[in-house]
Structures are given as structure tokens and as C-alpha cells.
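S.K.: Below are the features I grabbed from TrEMBL:
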type	residues	note
TRANSMEM	B:66-85	transmembrane segment
TRANSMEM	B:156-179	transmembrane segment
TRANSMEM	B:199-219	transmembrane segment
TRANSMEM	B:276-295	transmembrane segment
TRANSMEM	B:302-319	transmembrane segment
DOMAIN	B:322-501	domain 'ABC transmembrane type-1'
TRANSMEM	B:325-348	transmembrane segment
TRANSMEM	B:360-381	transmembrane segment
TRANSMEM	B:434-462	transmembrane segment
TRANSMEM	B:482-501	transmembrane segment
């Protein structure tokens, strides 16, 4: 039994009437996107995507519009059928489910939040949140009780009997989130949920969302076009371009070691102070790095996961280099003021 | 610095444009690129004269693929040439001349008779003589008119000639402007035809070669051959087609009798039920129920209106007839909605059904009602059920169309949202799509009711009695007052029903603020 809640293996999605032949041609002849469009009139939406998401992780998929990220997330609850490849959610092979099973999985195990909320305009907030439970034929009173609780999780007590259009955009999106949480699903799919909101509300909702999913232990796939948002929210980030995942890693890995120029371009403007930790920039402890006249005994010691921001704070209080220790307390490296400055400047190798 | 750059750009653009104009025109590229540049650099209307277009008008238009130019030029040319032809060869005043000759000979005849009578000493001799002089005077008048018309020939030639020259100058002046517009369209959209086409030139010339002689002949000959003036239609085609259709209708009516009777009797069951409720129930009960419904469903204002409308119907003695009409209309509208709404949903969901239904709905709406009254009488006889059927044909399309439109307009994002939470297709339709399409469906129902009502008079033609009969009678006897009163009664019935139905289906939930 693995802890991977979501597993994707070589998933392809080709749009168009001749998608099967196009898929075959890609397999046999290795056609590229442009050639497929020309020969079959088919558009390649998702190209050979594989990833896994372990339980409780927030997995961000970042890409610009048209990169296929929204298409990809819709494969996870089979709103879109893959042309090829395997998709497993909670140990279930999604393609093998029949209609009824699929509806059950969608209602019970996968919650989804949309960029444009997709609330039912003719229903009250409470009935909107209760919709997934209604689909599961939960009795009315029970589902209202549960929905009430879900609404209080997103701080929307007292708005139960309003209609969606009477609420602000941020509140509507919280209703969307409450609806996704109502049937207590293991998996949350977030399709650019905060993109349409103004920056202040967005920031507030991001924080609320992270603390909520962490306490509720939801496995989340989060789509965004905003790298800042991905870094703030994601445990891991995948960068998507033209239907392919071009790099997957922790925010720190992405910022420190961009896989190619495209990713590098993206992360250029990102501040690394909070992302990069001491072990990424520290020097080895040896005679080259430690000047003979320095007594390290008086130096400050800190954990190797200390961020650059904290290192700066420590560094202004002392003239000595800072000694870095691992979890066991053993000295593993040293950060001098020079190393720190180079680290802040970033990407070391530049 | 910037300036020189701009200049360089301009000359580069000029060069590019000149090349593309050459590609566009294929022939005389130099001429056209110079002319186009002149047109494009001027701020006001430009004088640019195209000699080829002026002289060869239609041929130029055809060869250059400007068919609008071809046709306008052809029409103007034909007009001018017909005038010229009439002036030159037409026997103008020929009819007047013939008339003069006829009158003259008659007058001579009369004079001869008068002579005979005079010699015989008959009493009518004087009268005959007077007749003869009168006829002679008329003959003189006719021949004068003929001479005048013949003299008009010169004027016609003059007018034709001036018109021809004017047309040529005008097409010469317009040609380059039109061609430049076409070039601009071609530059944006390469499917626009370009170049110089000999095939088109041939087609244009052939068309002119057919049209010009026929036109000249028709207008200059004194007595053109008959087949040119009137299409030599064959009566027997029409007769056999209509008799074939007659027999087809008869056959269908004969073999489908059981089917048609079934429909008739099932409509009658519905209608009888409604009539029992509306006509046979005592009027105070009906009034009370209608008022209560209007008040509860549509509010006090509609209730007050309903009181006034019902009073009108009652005091003018239309009560029973209006109830019969409402029963008729109610049966028709119920059937329309029962069939139309599900069918509209099907149209929205299924593209094949939609593409088949669309022309049929168009047919139902545009076909004049009198045309389908005939087969309805053939299949279903006369009376109220056939009247309801005729009303159905006319009243069904709006509810089908607007239901389909409403369902199609449900935002796909909301449908997707519902599906993502495991919603089944049935639940999606009942709890998401229909509620969201309700406004549109209601508009359709409203339209259908009003359309059904407008058919009441026509349906009364085939024996569907009610208020329509009154209007029909008024029409037959030109009774203006009676017609207007009955017409208003129909209107009030429609408004009461419409308001109550609207109130009944008002979307639930709190009103928007």
C-alpha cells in the first residue's frame, strides 16, 4: 500500500476527431505538436505527463494560459477522458470506472473548486454547499448540518440563506471551497481558484486555504498561473509548458536549480530569502573555509534548514561566521558573510 | 533620425504594395499600382479615370471579377441601348397610326352610308354624317399623335446617347475606387478573387450576348413573338401535380382514418374536461377561482385588472363564449407545452434532432394558416379538435425554440461544476439546466399562449366555436362595433391567462436586490 493518493503515468490528451491515429503516429513516428496539427488536425493538450502526489501534500501545477494545466486537472476526476495513459486516484483506476462508480467517486472522494466558482445561481449558499451531499442522497437535515459546519470552516457563518450573487467574489469562492469540503473528500482539485480575486483577498484566502488543508489533511492538486502563489502554497511545484511537465520539485529546488531557460525566466523575479535554506549555500568545514585566526567556539550555531532571511538576522549580531548543524547537532558547514551575500544574490553560479 | 526611418519605411511599404498590386492585378500592374497609391494618399475623393473600364464597362467588370460592377454597368448599358434602339429602329406611334387608319376607314364607311341615306332621303342621314365627321376627327387626332411620337424618336436617340456617355464617364471614374476597395479586401483575405480572368470575360460576354439582342428585340419590335412576353407555361404540369396531391391526401385520409380519429378523440377528451370545468361550472365559482389565482400568483395589481377584464366579458355577454375560447386555447396551449418543452430540451441536447427540427419549425411558423387548414379538414374533419390542431401547428414553434435556446445558454462552467460533484444527467437536467433556463422557457410559453390566441379567429373558420366566431361574423357583415368588442374580449382572455401563467412559474428564491 503506497501513500501516493494520485498517480499519473504517461498521460496523453489529444483533441480532435482523429485523436487515435494521431496518438499512434506520435508513438510510432515521434511526431511533434506542429506536425500532429498539420497531419491530423488534432491539438495535443497533454503530452506524456506523469507524476504522483503523496497523501496530505499540496501539489501545485504552474503554467501560463494554454499550457494545458486546466485540461490536466480535469483528467483527475475524468471530466476529460485521457487519450492514453493511466490515472489512479485513491488506488482506483479512473478509466475503469463505470458511470455510476465515477459519479460516486466524484461525489464522495474528490472535491473541486473552479476559477469561476460555478455556483448554482438559483440556490441558497447552504443548498449550494449541500449539493455534493444531495447527489449522494444524504437526508436534507443531515446535509444542512454538515454544510453549516463546512461554511463555518471558511468563516461564512450567517450567510447560509443568501443567494450567490449577493456575495462578493471572495465570499463566493469560499462558498466554492466549502462545497468542495462538504462531503469530506480525500482529494481537493483547485482550478485557479484565486485568480479572479483582487490581491488582498487572494492573499487572505491563500493563507486560509493552506492552514485549512493542512489541518484537514487533504491531498491537493492546485492549478495556478502565478509562481508566487505556487511557492506560497505548494509543497511541490510542477512547471507546465505546451502540455508537458518540464520540471517538478520543491519551491527551493525550482528557484535554485531551474531546469531550463524557460523556468529560469520565471523564477528570476522570485525572492529567495524565505525559500533557500542554509544547507544550500553553506561551505564545507575545512581549513580553506575557516581562517586559522577565527575561534568557531564563540560562533553562533543554527540548524541547516534556517532560511536566508533568518541567517541575515543572525549575521548582523556577530562578526564571526555562522556554524551550521544538522538534525543531530553535528557541525556540517559554515556560512561566512561572503557566502551569505553570494547566496542572497542568488543562484550561486551566476 | 526618426524621420528618415519613417521615410525609409514609407518607401519600403510602397515597394511592397506595388509588388502585391502587381500580383493582385496580373495585368497592367504598373497602371493600377500608381492609381491605387494616388487614391490611398489622398484625403478627399480622388479623380482617377480608368479608360478601359469606361469603354468596356461590363467586360472590364467581368474580367476583373467585380460582378457588382458588371451588373450595374450592364443594366445601365442595356437601358441606354434600348432607348437608342427604340429611337433608331422602333416604329414609334405605330399603334396610333394603325388606330388612325382604322378610324379613317370607319369614317369613310360612315360617310358612304350617309351618302346613301341622303340620296334615299332617310331621316338618320344627318346623324350618320355627324358620326362620320366625328370619326374622321378622331382619326386625325390619332395620326397627329403618331406623328408626334415619331418625332419623339429624335429625343429618345438624344437621351439614350447622353445617358450612354454619362454611364461611361461614371464607370470610368468609379472603376479604380471600386477596384482599390477590392484590393484592400484581397490583402486581408486571400479567398477574395484577384487577377484578370479570361474565363470570366467569356462568361460576361456570353451573358451580354444573350441579354442585349433579346432586350433590343423586345422593345423595338412592334409585335414581339408571344413566348418572349409571357412564359410559355404548361397548364398540364400544374393540373397533374395538384390532382396527384389530391389523391395522395385522399389515400392518407382513407388509410389513416383510425389514427386521425384517435388523435381527434384524445384531444376531445382533454377539451371536454376543460369545457366542463370552465363552461359548466357556475360563473361565480370560476370568477372566484380566477381572481384568487391572479391575486396569489401575480399580485394585487393583476387581480384588479382581472376583475375589470372579467366584468367586461360578463356584462357584454361574452362569458360563455370566452370560457369556451379559454377551454380551446387551454387545450391547445397545454398540448403545445407538453410536447414543446421536452422537444425543445431534446433539440438542445441532440444536434441531429436540432438540424432536422429547425426547418420544420420554420415551415410551421411561416406557412400561411389557410394552407394547412385544408389538409387538416381532409384528415380530421371540422369542429373544435381540428381547430386545436391548427392552433398547435402555429403555436408550438416559440416554446420549442426558446426552450432549446434556454438550455443551450446554461453556462458550461456551471454544468461542469455540477458534474464534478457527481451529478447524474437526470439531476443535471432537473436541478441545474431547467431552473437556469426557466426565464427563457417561460418566455416561450408566454409566446405560445399569445400565438395560440391569435389563431382563435382562423380556427373558427373550421368550426372551432368561441369568440373567434363572433369576429368572423362581424367580418362577414362588416359590423365594425361587434368586431372590435369581440376582439377586445379575446385580448382580455389572453392577458388574464398570460399574467397568471407568468406569476405561476416565477423563479423561486428571493428577488434580486
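Just so it is clear, glycine is given a Cβ too, placed from its N, Cα and C backbone atoms.
Since we're looking at a predicted model, the values are computed, not measured.
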S.K.: Count the CB pairs under 8 A between the transmembrane segment (B:360-381) and each of B:156-179, B:199-219, B:325-348, B:434-462, then give me the winner.
M.R.: B:434-462
S.K.: Excluding the flanking five residues on each side, which residues at least 6 beyond the ends of the transmembrane segment (B:276-295) place their CB within less than 8 Å of a CB in that stretch?
M.R.: 302-303, 305-307, 310, 314, 319-320, 323-324, 326-327, 330, 496, 499-500, 503-504
S.K.: Please tell me whether the transmembrane segment (B:482-501) and the transmembrane segment (B:302-319) touch - that is, whether there are at least 3 C-beta pairs under 8 Å between them, with each pair 6 or more apart in sequence.
M.R.: yes
S.K.: What parts of the chain pack near the transmembrane segment (B:199-219), using Cβ distances under 8 Å and only residues at least 6 beyond its ends?
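M.R.: Distant Cβ neighbours of the transmembrane segment (B:199-219) are 58-59, 61-63, 65, 70, 74, 78, 81-82, 85-86, 90, 228-229.
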